[in-house]
């Protein structure tokens, strides 16, 4: 975040060096003491009468050191310096402790600054929201017919709201007011005539006659009275959808005595409605043309008496009155109209919006959340700043990080101290040389009062001599060492008339060659030399001036075709930028609000704001405010380190001894995570022992960061050795049997295939009968021929 600051300072220093190296004091054509002081804060004027006589190159407007070196005594120098004086600087308080008059939430309290033109002074403003600060809560309710169920719920609100707010403050006062709309046509029912006194006549019920705004109960510590007064209320009914709530807001803000606003308390104005509201100029529908004057108009019955004769207030008027009376406005509205009131809140500083349930059942939590949001933010507002003064801010919010161009800090806890570095720069010279303005946090009674004295005139001007004999028999006014000639007279002592011509004096109208180059053209080619003085020509492009007509207001750097980018004025070749711009051609914005993310972080904390645009420096971050970053750590990743160091006493932050400085969270141990807040984030992660840790991150009503950590992590159990051994043995046995079975199966399949092949071959074989000549049979038969058988 410090990158942009370095770059901005570098630009300013380089500009300053270039100006002084070219001697801005002598190059801007200043011919009077007052003009000289306006050229640059480093310029001085020598009002010694005979200074520079006979030396054409000497100028009465120059750097102080140059004038002294040229022989001008210090007593004859006009060189005022800017000063800052701290008039009142009480220390910041830590706690309200009852006596709110002695509570200080901003320091310093008074400053006196003396500024010469284009010079600046820096000072630091510190702000702290003290603990246990008194609260005045005024409940302003829409009592139109559609809010009937909400009124029923509100009758039991007082005690619960007081108990809830007691966790924030021990000094609470509550009040109540109601509104409907202007009681005249076309906003109210006028037909039938019974509807005037009973607007609910047509729907066969009874309700109150329509009214604009009525103050019911002044701020009181008696919660019982609040409940009693609310129970007495009845709804009314109006004709058109928008209500007259803005009338009620103005009256509740400015009628301080009737409402009972305390000067030393936080002022909360709770506005509840389920409909749109009329704004300025809507009164013309009823013929009302008188604008709202922003004054208190409650009659003896505490009813708004100008409801039928004065128009609705504008948003600008509401903003003004909220600021004047240090009131924080909370819009508690139903979902259909939330977008409309969010637009209103962007235009009214210190305003928050909450979504109200249809029966107002969540109003207590809504108020607590809104108050916590208000207390978690500090935003500076300005009152009565002179047009000739420009202010620039740098904020130091959390972790001591400097955010340039910002005048607000968010995400704070009660008791946190933030600081703002403010630069006040004089951009002109007003007629009234002393002016006072205010810097104050939105919604605070505390403020910083700053009185600025514009040092635009020279003290030697008090010794002016009109028609002085020093100016050629009274042909001019002698002032600060020079003659201011009457019309028609010229010359150092007004000794010449415009019609005179003397060629020997032409050399006084051009830059001599001894100054570092060839002799320049007479009057820079843009004027006539009359009596040794240049009378510059007029130009269609702008103004030409200077001792040698060397200056104009149209020859400066351009950007996109515009002189000084359209964000500054051209002065003798240099761009004088508007307060929010810088650079040689004023094309670099100083503003950083365009770099703020929706969470109030500059470039989402992932880059630098350079010339009003984010330069994302974290790898993977992109978008207009570097808000998109798929690879960046989320809230769980960030808070995990705080859980590790604060609860488990381990991790990088614990080892670096930075845990207490970085982690401001409060640790709560729970058995299991439950639902506590819609914005709570549930997180899980594995630690170094492979255990699953669970925690929940959220912020309570006081803006305090809470980390709810589950006591027992989910760790994986170790293995059972017996089960492992039996499993291994069983696996080996199973694998052995499986191998044998597979082997037997394969052998069987192989044998069957071989037998089938044998059978197939045998079936295909064919046998033939043959005789072996070598073969002899086993049996031989012989016949005895001599044998004679028996007869």
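Glycine is no exception: its Cβ is also placed from the backbone N, Cα and C atoms.
Here is what TrEMBL records for this protein:
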type     : residues : note
DISULFID : 36-72    : disulfide bond
DISULFID : 200-207  : disulfide bond
DISULFID : 456-460  : disulfide bond
DISULFID : 471-483  : disulfide bond
DISULFID : 480-523  : disulfide bond
DISULFID : 529-534  : disulfide bond
DISULFID : 551-556  : disulfide bond
DISULFID : 570-575  : disulfide bond
DISULFID : 611-659  : disulfide bond
DISULFID : 616-626  : disulfide bond
DISULFID : 629-632  : disulfide bond
DISULFID : 642-715  : disulfide bond
DOMAIN   : 24-73    : domain 'PSI'
DOMAIN   : 32-458   : domain 'Integrin beta subunit VWA'
DOMAIN   : 636-720  : domain 'Integrin beta subunit tail'
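Per-site Cβ counts within 10 Å over the disulfide-bonded residues 460, 616, 626, 659, 715 peak at 626. Fewest other C-beta atoms within 10 Å: among the disulfide-bonded residues 72, 200, 483, 575, that description fits 200. When the C-alpha distances from residue 629 (disulfide bond) to the disulfide-bonded residues 456, 471, 529, 551, 659 are tabulated, the minimum falls on 659. Residue 36 (disulfide bond) is surrounded by 25 other CB atoms, counting those within 10 A of its CB over all protein chains shown.
Cβ contacts within 10 Å of residue 570 (disulfide bond), excluding its own Cβ and spanning all protein chains shown: 21.
Residue counts of the domain 'Integrin beta subunit tail' (636-720) by helix, strand and coil are 19 helix, 26 strand, 40 coil (DSSP-based). Nearest to residue 570 (disulfide bond) in space, judged by Cα atoms and limited to the disulfide-bonded residues 483, 523, 632, 659, is 523. In the three-state DSSP assignment, the secondary structure recorded for residue 460 (disulfide bond) is helix. Of all the disulfide-bonded residues listed here (480, 632), it is 632 whose C-beta has the fewest other C-beta atoms within 10 angstroms.
With respect to their backbone Cα atoms, residue 471 (disulfide bond) and residue 529 (disulfide bond) stand 20 Å from each other.
Residues of the domain 'PSI' (24-73) grouped by DSSP class, helix first, strand second and coil last, total 17 helix, 7 strand, 26 coil. Comparing C-alpha positions, residue 523 (disulfide bond) sits nearest to 72 among the disulfide-bonded residues 72, 200, 611. Comparing the Cα of residue 200 (disulfide bond) with the Cα of every entry in 556, 611, 659, these being the disulfide-bonded residues, the smallest distance points to 611. The Cβ of residue 207 (disulfide bond) has 19 other Cβ atoms within 10 Å, all protein chains considered. Mapped onto three states, the DSSP output places residue 523 (disulfide bond) in helix. Neighbour count (other Cβ atoms within 10 Å of the Cβ, all protein chains): 24 for residue 523 (disulfide bond). Most Cβ neighbours within 10 Å among the disulfide-bonded residues 529, 534, 611, 642: this distinction goes to 534. Ranking the disulfide-bonded residues 207, 460, 616 by Cα distance from residue 551 (disulfide bond) puts 460 first.
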